[in-house]
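Engineer: These came from Swiss-Prot, pasted as-is:
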DISULFID  C58-C86  disulfide bond
DISULFID  C64-C221  disulfide bond
DOMAIN    67-225  domain 'GG-type lectin'
SIGNAL    1-30  signal peptide
Amino acid sequence: MMRAGGLLKLGVLVSVLFVAVFLAFELLESNMNFNLGKVFTRYAPPDAVPTRPLRHKCGLSKSCPEDHFAFKITSGAASVVGPKMCFQDNVIMSGVKNNIGRGINIALLNGKTGELTKTDSFDMWTGDVNLLIKFLKDIEDGSIVMMATFDDPATKMNDEARNLIADLGSSSISILGFRDNWVFVGGKGIKTKSPFEQHIKNNAETNKYEGWPEVLEMEGCIPIKHD
């Protein structure tokens, strides 16, 4: 009986020792895998490390060619949210910058350097259209002209002002009406109509907001003026 009891104790001791050794090896292997994982992650080649999505200037969907300026322009939303203009990754007009107003908002930039030269807004509901006309006449040749509407852009607009804007490359200025939304990028001295223009009519049946159409957003790449 004593011999049998001793053998039983010995068997239990061997089993416990075996389990302890097994667990020790398991723990060691787990630590080695963890450490090796850290090492391989640290020294992984660049293409194996996740990267952030590439961001383009002004949040454009793709980068502009090297000899172009990037821009994005958004019209106002009803009479609540004003327009926003971005040029070469710099916001040049917005509500936050406090340089926008009801009517037509305009930014002028140097066509060679991209330097912002002037911004202004003209109230076309109760304002004086002659102020807009003078501003348009004073634009220097070679200037990039960005325009965006807010609230009402057309009540005070007359033929002289429309013709001056058409000379900047606009195709839609002749039909711009009460509370229409419109965004445009043209230039002083342009020889053709600008490809950068969007216009949406104020229509009670299709308006997104009560009394106003939906917001317009336009982006693009403007060739740098070299001559």
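For all residues, glycine too, the Cβ spot is worked out from N, Cα and C.
How buried are these features, and what lies next to them?
Structural biologist: Classification of C86 (disulfide bond) by DSSP places it within a strand.
The Cβ of C221 (disulfide bond) lies under 8 Å from the Cβ of L60, C64, P65, H68, F69, A70, F71, each of these being in the same chain and 6 or more residues away along the sequence. Following the DSSP three-state reduction, the secondary structure of C221 (disulfide bond) is strand.
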Engineer: Which chain-mates of C86 (disulfide bond) that are at least 6 residues away have a CB under 8 A from its CB, listed by sequence?
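Structural biologist: In sequence order, C58, G59, F71, K72, I73, I92 meet the Cβ cut-off.
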Engineer: Over the domain 'GG-type lectin' (67-225), what is the model's average pLDDT?
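Structural biologist: Value for the domain 'GG-type lectin' (67-225), mean pLDDT as a whole number: 97.
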Engineer: By a simple count, how many Cβ atoms lie within 10 Å of the Cβ of C58 (disulfide bond), its own Cβ left out?
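Structural biologist: I count 20 other Cβ atoms within 10 Å of it.
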Engineer: Can you tell me how many other Cβ atoms are located within 10 Å of the Cβ belonging to C64 (disulfide bond)?
Structural biologist: 20
